[in-house]
Amino acid sequence: MFFDILTLFPEMFVGPFSESILKRARKKDLIDIRTINIRDFATDKHHKTDEPPYGGGAGMVMKAEPIFKAWQDTQNKREVKTKTILMSPQGEELNQKIVKDLSQEKGLTIICGRYEGVDERVRETIVDQELSIGDYVLTGGELPAMVLVDSISRLLTGVLGAEDSSKKDSFYNGLLEHPHYTRPREFKGLKVPSVLVSGNHQLIERWRKKESLKRTFLRRKDLLENKELSNLEQELLKEIKLELKGEVNE
Ligand code: SAM
């Protein structure tokens, strides 16, 4: 899958995309990340990419034309038409379902805003989807774009070492993941649950499923409301509620 990222600060992407899993994925050509400097498409003498807002007020606004030209250039260079995403605190909040859907695309064009944001006509002419990474405001769309590329990339075949490990992660199946333990068996007086060292894989799976449900029940009841539970999950949830009776309000 490819990602074309339109930004005023391409250097910001060098570190995060040159380490660990994403570095390997790029080497294996599983993902192709291109950063395009919007400033290269500002044709005036001073390569201006921002101007004060019409109507007055504080801050600067990113001009429409350089973004549009940078976008047009990327569309011409790629053989397929991509979905264009604008990172914006006003967009739909990113979640695993959106990430999963976007991971089916051949490529994406991502626009990173700065300052007060981009001229509204960018949104009106070339943006297919606006995405936010949460109800807070950052200085620019670069960090959100990195979040988006990272979360999509790890779902692509071959990117993670173990093929199905992303399928066990939180949110993939609508639940939070169970807790993990590794060596040593005892740390600061706390022992690893005995079932995990029993060698009984059926019991381990049952324990993990139950812990996953318990975590979700205690931390994110909203996820359970939207999930269709299997018979086993319903049975485990009943057990959990009985065990927790008196400890938590349902
Ligand atoms: N004035 C804008 C507003 O109030 O909606 C905020 C602009 S913000 C300072 C500059 C840029 O950072 C935005 O255009 C967007 O690209 C990016 N940005 C900031 N917070 C974001 C968030 N939570 N999710 C996605 N992008 C964000």
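Every residue number used here counts from 1 along the chain in the order it is shown.
Glycine residues also receive a Cβ, built from the backbone N, Cα and C atoms like all the rest.
As annotated by TrEMBL, S-adenosyl-L-methionine binding site applies to Gly113, Ile133, Gly134, Asp135, Tyr136, Val137, Leu138. Per TrEMBL, the feature domain 'tRNA methyltransferase TRMD/TRM10-type' maps to 1-225.
Screening the binding-site residues Gly113, Ile133, Gly134, Asp135, Val137, Leu138 for a C-beta under 6 A from any atom of ligand 1 leaves Gly113, Ile133, Gly134, Val137, Leu138. If you take the C-beta of Gly113 (S-adenosyl-L-methionine binding site) and look for same-chain residues 6 or more apart in sequence within under 8 angstroms, you find Met62, Leu86, Met87, Ser88, Gly140, Gly141.
Counting Cβ atoms from all protein chains shown, Leu138 (S-adenosyl-L-methionine binding site) has 15 others lying within 10 Å of its own Cβ. Within 10 Å of the C-beta of Tyr136 (S-adenosyl-L-methionine binding site) there are 7 other C-beta atoms, taking all protein chains into account. Across the residues annotated as binding S-adenosyl-L-methionine (Gly113, Ile133, Gly134, Asp135, Tyr136, Val137, Leu138), the widest Cα-Cα separation comes to 16 Å. DSSP assigns Asp135 (S-adenosyl-L-methionine binding site) to coil, not to a helix or a strand. Summed and averaged per residue, pLDDT over the domain 'tRNA methyltransferase TRMD/TRM10-type' (1-225) gives 96. When Cβ atoms from all protein chains are considered, those within 10 Å of Asp135 (S-adenosyl-L-methionine binding site) total 7, not counting its own.
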